Amino acid sequence: MAAALNVGRREQGRTWPNPAVGALVVRDTANGPVVIGRGWTARGGRPHAEPQALAQAGEGARGATLYVTLEPCSHHGGTPPCVDAVRAAGIARVVAAVQDPDFRVAGRGFAILREAGIGVDVGIGAAQALVDHAGHMLRVTEGRPHVMLKLAVSADGKVGLAGRHPTAITGETARGRVHMLRATHDAVLTGIGTVLADNPLLTCRLPGMEDRSPLRIVLDADLRLPPTSALARSLDVAPLWIVAAEDAPAEPETVLGAMGIEVMRVRRRPEGGLDLDDTLKLLALRGLTRVMVEAGPRVAASFVAAGLVDEVNLFEAPTVLGVGALDALEGLPLSALGDYLSVVEEQWQGVDRLRIMRRR
Ligand SMILES: NC(=O)c1ccc[n+]([C@@H]2O[C@H](COP(=O)([O-])OP(=O)(O)OC[C@H]3O[C@@H](n4cnc5c(N)ncnc54)[C@H](OP(=O)(O)O)[C@@H]3O)[C@@H](O)[C@H]2O)c1
């Protein structure tokens, strides 16, 4: 199952609206178990992992075991149900990590397999599968994507110089890790404040992984995004969506729309800024499962305060920016992350410490 989970993560960030599933077909031989088929959800969500693993195994699948990281689907979506492919291949036993909460499946996949006389075991590797499939799970159960907040802070908890002037905080290794995180998320979301201060690209620029740049999203209530910004000028690398307020002016939308930038509108919050519940609901309806928030202190604090952060990747540099520099979360202490998230992993990325926190 650990190997199935590993192959399942291969296209993570590129399978939305579908989950990134992994599957292995394993045969017992005189020399022990042998993997004879491997599959993972393809870019765009199809084909699914199981038919690919079964096709690779061919006739060898008869009497073999299928390890799969999520319950095989039982409904006719864009592809025929995976349970049909499993039955037709003659698989004797299915070992699945977790049940799919999607109402079209929700245990029916397992029931169909059992009715066909196939042995079904569920729960092996479940803890990791729940992490890997968290985006899919949240989208189908709560109608919102999984939200991962990335923060790069100085030793004194600051994210920028006074006056919102950009500065590099973490080192080369940590920056590489951030690009890897971008590659494995469906979208990177930022605020217009960061766009105006830093003019970022928000692409994945790791050598050999340039085609893994995620969709970029900007929260920009009044449509202030400059058509000359790096984001607007890199649509050939990755698409750009802007979330604006319902009452934002129409003219900039016409200009940005003509460039190929999609503008969507949500309510403003009474206290200012866009309604984040509405924003996330909209993004889930559009198929997004994994959103990485890489924004300044205003947007970051809004997500934390609204209880909408599921995971934090907190990079802490050894440098000190000093009094007057920008706090990581506007109006909130950095310790507010601990209100509903706990550290699950700590590691070093070069000279910078990375703490991964998840919702309790
Ligand atoms: N170290 C890091 O990890 C990191 C990462 C990114 C940025 N930064 C730094 O952050 C600074 C920019 O900070 P910032 O706070 O101005 O940028 P921001 O948080 O990215 O953007 C803030 C803007 O987003 C818009 N917005 C829309 N809905 C919102 C909501 N619900 N809550 C909050 N804001 C919402 C608001 O403008 P409208 O009302 O016009 O929509 C707001 O002014 C720069 O110095 C940059 O270098 C650091």
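Cβ atoms here come from the backbone N, Cα and C positions, even for glycine.
Per TrEMBL, the substrate site holds R182, L202, R205; the candidate it also names there, chosen from E115, E294, E311, is E294. A simple way to gauge crowding: the CB of E294 (substrate binding site) has 24 other CB atoms within 10 angstroms, across all the protein chains here. Reduced to three states, the DSSP call for E294 (substrate binding site) is coil. Comparing the recorded positions E50, D198 by how many other C-beta atoms lie within 10 angstroms of each C-beta, the top residue is E50. A 10 Å radius around the C-alpha of A152 (NADP(+) binding site) takes in these binding-site residues out of R182, L202, R205, E294, in sequence order: E294. Ranking the binding-site residues H48, R182, R205 by other CB atoms within 10 A of the CB puts R205 at the bottom. Apart from the site residues H48, C73, C82, the chain places the Cβ of V21, A49, E50, P51, P72, T79, P81, V83, A85, G109 no farther than 8 Å from the centroid of the site's Cβ atoms, the recorded Zn(2+) location.
Only A152, D198, V299, of the binding-site residues A152, R182, D198, V299, place a Cβ under 6 Å from an atom of ligand 1.
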